[in-house]
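> What TrEMBL shows for this protein is this:
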REPEAT    49-81  repeat 'ANK'
REPEAT    158-193  repeat 'ANK'
REPEAT    194-226  repeat 'ANK'
REPEAT    312-344  repeat 'ANK'
Amino acid sequence: MEHSNFSPENLRSFHDACKRNLLELIKQFVQQGYPVNSHADSSFGDEFADYTPLHFAVKNENPEAVMYLLHYGADISKKSANSWTPVHLAYYVSTINLLPTIFDYSEVNTYVNAVDDRGLTHFHICCRTMDDPSYVQRFIERGADVNQKTLFLSSYDSGFTPLHFAVLRKEAEVNPFLTLLLENGADHSLKCEDGLTPLHLACKLDNVCSGMLLLLSGADIVARDDKNRLPLHYIFYRNCTSYLADIIFDNIPTDRNYTDFQRLSLLHMACFCGKTLLVKSLLAQGCCPNGRVIAINENGKELLFAGKLSLAGLTPLHMALIESRWLIAENLLLAGADINAEDDQGNSPLWYSYTPVGFRLSQVSRNTAVSVDPSKVMVANHVMACRAAGLISAKVKHESLQRGLVALGTYIYMLSSCRAQLERIEMVRINNGPVECNNLRGILGKNEFEMARLLVNKSVASWLNPKYLNQLTKGFLVYGYMIKAQVNKGLRRIERLLEARDALERLTVVRLPVLCSERILSCLCYDDLESVIEASIAVQKQD
């Protein structure tokens, strides 16, 4: 029996004094030789099951009692029934202000890396809470694993490594804990249960110094979490004006349009933040300029940016014009962005260009006299071209006038000029084109499904080759680029159809008849095809 020299009743009295925070009585018991590492019995109830005197002192947040018990040999690695040591108790329940006292005055098993049933160790706690990195250094010197993860039992820190905990620290000019861990072999690529690397977490918290240190250490800026998000997605949602966002934008690979599970893409973010070169690079690689952000977040609530702006249904063109990025808007329109696209609230891109939304990155007064932006003129020309061809909604027509894109004095002149060019392109016949589309004008206004069906005709696809399309952009300044964008839209869908067909087979685990898979995929827009492909990739990773 434990501590057989003392009766259960006497031990119970000792523990009761500890529970009631009676320091003078505690001292009397200790002076009489009562064991400072004895455990409370079941009479104290489940909450205090197996508490040691030090547990009670920590629970009562009594630093004097803590120091006294430690001086007489209290062991900080002793666990209660719920697997918590006094250190865990201070971290979870009481006050972390006691932790330096506990470690400074401990004389028994001070740097034994005790762990609770969630996998949280004393080392993790020091990385998260202590102000002096020397405590972390001592754990490392005694063999603490710098890559040890917590277990997947917590709703908050499941699978966290010491690096994750160090990132959680209050942001300062420097983070010596991160430096110390990285210098001693901490792996910045390890992910927690939700798939977040330490860099994801730094971006989520907008911890600029920690994020910069991780980037300098080679952290992967295109690592994906379980929601398919990059670190950039998190810094964008939190604070897209952050210096950390700029650094990631400047260094992110442009080989693909990284999209999270809500379809917020790299192109969306680059358009909003004014990264013109990145936008041009993504569009040159064939990225779809009409992707829409999904309406709700993972909790079923409306997806908000910076807590203010609903992202539901926004396209890259919406994102650009929210910030009056006219040059980016020009590039998007040249690539086939839809000026009529509506978000989930029914607002067009032009609506955002003149309607206050509560914040803007570019704080330019709308009443300030400025020189005419050539890109803004191009957008106005695009609106007029669509108007003349019957491709613009009444709402967008009204909004273009309200925005002042088309001065009333020049409206009739521009409209007649566009109509004259339409007559010219109508005279250009498409070799072997179908009856419903036997001239170039017939290409204008077709949706992605119709363009894909048209370009399945190899003769038509061959005739509308890149060289010929480039010639059109020179011969028809207003409509040439629109025709080119239409062709690219169809080709983009055809390319994705091939990938989506293979992805569908992987998801259904059966080889579907060609007609069956084609029927299914014919009902899906480009964004939906992307989702099928992404889902297939996710399933492959799980396997």
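Using the three backbone atoms N, Cα and C, a Cβ is placed for every residue, glycine included.
Please go over these features one by one and say how buried each is and what sits next to it.
Looking at the repeat 'ANK' (49-81) alone, the prediction's average pLDDT is 96.
Long-range neighbours of the repeat 'ANK' (158-193) within the same chain, counting only residues 6 or more positions beyond its ends whose Cβ lies under 8 Å from a Cβ of the stretch, are 123-125, 127-128, 133, 136-137, 140, 146-152, 199, 201-202, 205-210, 213-214, 217-220, 223, 225.
Tertiary neighbourhood of the repeat 'ANK' (194-226): same-chain residues 158-159, 161, 163-164, 166-169, 171-175, 178-179, 182, 188, 232, 234-235, 238-239, 242-244, 247-248, 251-253, 258, selected by CB-CB distance under 8 Å and a gap of 6+ residues from either end.
Counted with DSSP, the repeat 'ANK' (312-344) comes out as 16 helix, 0 strand, 17 coil.
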> Within the same chain, where does the repeat 'ANK' (312-344) have neighbours whose Cβ lies under 8 angstroms from its own Cβ atoms, ignoring anything closer than 6 residues to its ends? I mean 6 or more beyond.
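For the repeat 'ANK' (312-344), the list is 265, 267-274, 276, 279-280, 283, 289-296, 302-303, 350, 352-353, 357, 360-362, 364, 373, 375-376, 378-379, 382-383, 386, 391-393, 396, 481-482, 485-486, 488-489.
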